[in-house]
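To start, the structure under review is shown below, and the notes come after it.
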């Protein structure tokens, strides 16, 4: 049977076995897309499954399905299950025309059908396990049961005719546009006629009457084209319009376009011509690398209606690539012992072309040794192997060069070549040979690191590793290994440590040279160390006197020291010197000992100590030196008396000084130190008497005045002061102290005339007295001296200040002008007499002057009395009494405060003053008593007198390891001294080193062993071993040098460094070959050291003992017989080393000789082929397989190294192998989709260069590691909200790179959205709307398409599409409320904003742009519209004119809101504007009328309370509370007589009228509304109180406007002044109390916060000795506030003076000067504390201001009170 499908044919053959086996044989592929059209259904055949008949066949052409079929009439059933295909599942799938491997399983299903005798099907039912690839809306592993559907006979007949079979038609119930899956197409097999049966996956698009979907169709055709690669850009591919049979006009009308499957667009469709062209030149190797066929899939999309057509373009390969070898030259190393037939793999060439254009053949250039073998792997890749045909001989030819050629099958063919270089590896048959047996080198000590010592060289004729020589040390001491390093490759010996000639003078080393085959040879290296001057001399102090007296005689021994230099020769010779010009010298004694002596007399006062630097210098070429500092102190001797700083000390003191006042100090210095320099001061008695007025402090020389002095009695004092030191005997000196008493202004002027105790002197002055008339003369005297006694006179007070004047110095009182009649008859003058002291003192004289016409009236005028004051009123008296009381109370309080302050000041002064002796007799010689503590130190002076030093060296010997206490020698006997002399002279042993091994018995003189001495530990191999020491004697100092030699004993046996000595010898070693053995070590010397070697009996070796130049012995092993590793691989025997001691000692070691094998075996793998499977995406370093090879050889020849042979670059990048274990691991993750199989060549190479190979096949298992990919091919990002359902939004493809179930995908949408997915074709989908859209509800959608595969675990991928909805004007504006009510106040100006209208439109853009407008009112009602306006854009309502509430209470308009759509939509709302009343009208009086005069009302005097007098009536034009009126009585003649009703306005009497009420009453009534602000009016009522109504006219006739209140009588001025004075005095008193309380609280708080003060109070003259009042120096900076109080002596000062002084060191001379007192009567001040430089706080006390009465304006040395109060003493 044949059928046509798109120009292709297919044939089928079916066979039926007894078990119902159905076999299908395909003669030709059924291409996907073969269309069968008839009637209303369209059938697609996109997939055909088949498999070969034999599971092992690779080229089978049969496909079969196994199932069970029951034949016969009626109901038949065929069941298929996955379980029936465990080994025969489909192996290949032809999908979209491309064959590929697959792991798909056939889904299980059950088919039931009824067959009539005629062969037609009557009914059908099927259960399908839906395939996920073909039904994206079904879940994985679910079964769908479809109802029975009767297909149309027309369709069945067509299929029967076409395929000879009956098709079961399955359709879902009208969903997904009628798409359904046909899983089976099977024929009836009950008839005898054999008809073919096919397993097909069929897709159907069925249209029934109930389906109302969009007009979507998909062509079933697949357009296939081919195109050679490397075609030019825009090359012709096909004519799509012609192949589809479409006119060109439809291409543009239906918007035909081409979409490639990948991300890159490779093709272009011209809509005008219908031609499909390539956009770029296509390179098959780049697009489809490592693929046999290269097919590019594209899709053609049509719109209106939507149609999808699949197309394929096969890119045909052209021969544009030649075979290329990975390397142009391949190097193979082959052992010359390799046997013929050995195979060696070569790297394959790579050809990017495929098919016949790919690599086809290899060829090898002609040569006599090798041929080429070509093998083909399962994947068709050819592998090369080089086969050895003839034995190699390195001596004949060491290297071969071959040309390898690779050729492809193109026309013309292309080829590539590579050079194969064969390196013949030699066998190890030669041992290394040194150029010399012994290398002798001379090397200076301290050579720098890395300095080359010598280069040893050994040659080996072998090739490769056998000829590579490595050098190592053997039989070399550990110290030599630390000092020298040997380069194992070059043989260079370099300095690795510090060489020291003093430590070792030579070094001996043995160098071993070993080749790659473990053959070795030895040589000796002897290094002689040359001495250089690298050790500076060392100075060692033996004895030192740290302190010597200054009167020590010259050549006194100070120290004894020795100098040693470890170098030899001139480098070790030294000389010593002293640095600087010092009174010391060096004297050599014996050997290298020196004495440090004094060379001149010493004076401690000039130099108290010496730092003596001793320099020791050697005689080297570059001399080295070292220094030692010796610190010598000179002890003091009392040889200097004290010296005063001056011969005469003059000090001053102010009279009336306080007791124990310090006036200065005397100072004497002593050049000595310590007790000798300690100076004591004392007064020298004069005439055997002490000076009671003066005292000197014995320690510091401070001078004190013991009692107050009076200048008027004693003008000066003079005493003698002695200063004595503390030496023995003491030395002393004297000085004169003169104290001058300075006068103080302590006497006030004394009046002589007028007498001070008399009453006021009366003077008479005629009224005719001219200017300058002498009235009187005031006479006064002053007991002080100097300026303190200079007096001045001034007029302090006068009745007429301008009438009289007083002479400044004469005291004469004269008239300042002529006397006139207007001058008072009685004049009182007060004359002030003042001295010039500081502070000044004064006295006053009172003169009474009477101005008379004649002197007869004098008595009458003088005795005239003041007339008595007139009596005041009673109130004035009270005020005066109050003022006097308050003033007295204030004055008493002030006096009490002053008294309290004075008492406190005196108490503090008493507490802070120091207590001194009452008289000078309590101290010694006028000095103050003081306790002293002296530290007494006793100095020990050691004087060494050295005489008769002996230079001989005594020599002794003692065996090593001698016990403690062993006798060595008798030092006393050898020195000719007795035991008592040794003890007396403190004999002792001083060793040369740090440790004391010997001990001297001072009683017996025996030298014994203190510690056991090990010669080997102390001297090593050096001989002789000497212990040097010195015997030191004192009093006088004497030293003897001696040495003890340690005698060696045989206490050590020879010892081998290793108890087991391993020697590796090749079995090819010749007899007579010598092998150096490791030497044994014997620390003993001489005959006790090692003498000879011997070995145990064996048949292969004997030993020979050799002697070195230094006398040491070593052993050589001599081979007597050839070795054979196969006969005996290892030989063991012992070696013995014997010394020459008695008895002899020996040491043994085991020698194990390992016979080295020759490399004569190649490695062998356990398998020639390893097969393994690995899952893709396995992590890096995952073990793939372990290959293993073995080699029968031993040593390095049997050590196998594994490597991957470079036959593929991909293999080297993917796999790595452990060269030791053979583990093959992943270098990167595998990708099944990229490569499914790897074939690896592994090479195993032994240490001799022999190698073999094996193959490893790695099958990559697919895992679900690729998530599906959602590829958007078309997207409409914006969609109108008016789009109908089923509108196409996007087209997308889903691709999964995995295979099988891992590659089958389903699609779904996440979330509830008005979209759904429609399947267009395999892996092609459309996203369409599922319902109507509304942009106002949702403006945009984030549509997430999720694709999930059927792998385990399942992977998924999502793609989010943003779909924005375009607005349609389908919504009218909506007001927020139907009626807007706004309020405006009346009389508001135009333009005032009343509110805002708001309308919203859910649309967007222009459709949502709302504009407002007033709806025109009906004709004739424009008043409301003319009052308000609405802003068109914002909706703001404004007033257009002011409104009057009384005229318009409210208005109403209609507002329209329209959007910007086309046509526009609108809405209306009502705007109601309410006018709010304002209080703009005041109340209007109705009664009484406002324009009439005051209304008159008559009230009888008998009117009771509540009598109605009148009623005030008023109205208000406003409304609401603005019109609510209230009445109140604003003013009345009698306020308590009348009252007004608050709301009624009735005026009534508040009480009964009495006779005392005035007859005329005036009432003012205030009428007020409740507005804001309120407005008011007033009504005036005149009320007349009458006895009867006949008096009414007379009462009312009085003009109320002319009535005035009675005036208050003027108060007397005196009363006003008294009241003001009383208030001022009371306020002043209260303020003083507050200030006093605040001051007390502040002081209490300050005392609580600050530490207790340490007041320092001084009386007058305390600072006289230091220049107080003159000049003085104070350092460092201090701040003082000093109170100078009066003393208690006779003629004490009546007042205290306070100074605030700040002393700093920043001034030029750091001086200060006290201010001269300027005020005579300052109040006492409290003592204040001083603040030093380290203190942080300072306590200040307020100063009392000075009154103007205490100033002297005409005194040039004073200042005014105001200036003084403004001074700042800080």
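Cβ coordinates are placed from backbone N, Cα and C, and glycine is handled just like the others.
Worth saying up front: this structure is predicted, and the values here are computed from it rather than measured.
Straight from TrEMBL, the features:
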COMPBIAS  73-82  compositional bias 'Polar residues'
DOMAIN    209-325  domain 'Cadherin'
DOMAIN    326-434  domain 'Cadherin'
DOMAIN    435-539  domain 'Cadherin'
DOMAIN    540-644  domain 'Cadherin'
DOMAIN    645-751  domain 'Cadherin'
DOMAIN    765-869  domain 'Cadherin'
DOMAIN    950-1056  domain 'Cadherin'
DOMAIN    1057-1165  domain 'Cadherin'
DOMAIN    1166-1270  domain 'Cadherin'
DOMAIN    1271-1375  domain 'Cadherin'
DOMAIN    1376-1485  domain 'Cadherin'
DOMAIN    1499-1602  domain 'Cadherin'
REGION    66-86  region 'Disordered'
TRANSMEM  1614-1637  transmembrane segment
Helix, strand, coil: count each for the residues of the domain 'Cadherin' (950-1056), based on DSSP. 16 helix, 43 strand, 48 coil
If one takes Cβ-Cβ under 8 Å and requires six or more residues beyond its ends, the residues near the transmembrane segment (1614-1637) are 872-873, 875-876, 879-880, 882-883, 886-887, 889-890, 893-894, 897
Taking the domain 'Cadherin' (1057-1165) as reference, which of 326-434, 645-751, 1271-1375 has the most Cβ pairs under 8 angstroms? 326-434
For the domain 'Cadherin' (435-539), which recorded stretch in the set 209-325, 1166-1270, 1271-1375 gives the largest number of Cβ pairs separated by under 8 Å? 1166-1270
Taken over the domain 'Cadherin' (1376-1485), the model's mean pLDDT: 88
How do the residues of the domain 'Cadherin' (1376-1485) split into helix, strand and coil according to DSSP? 4 helix, 46 strand, 60 coil
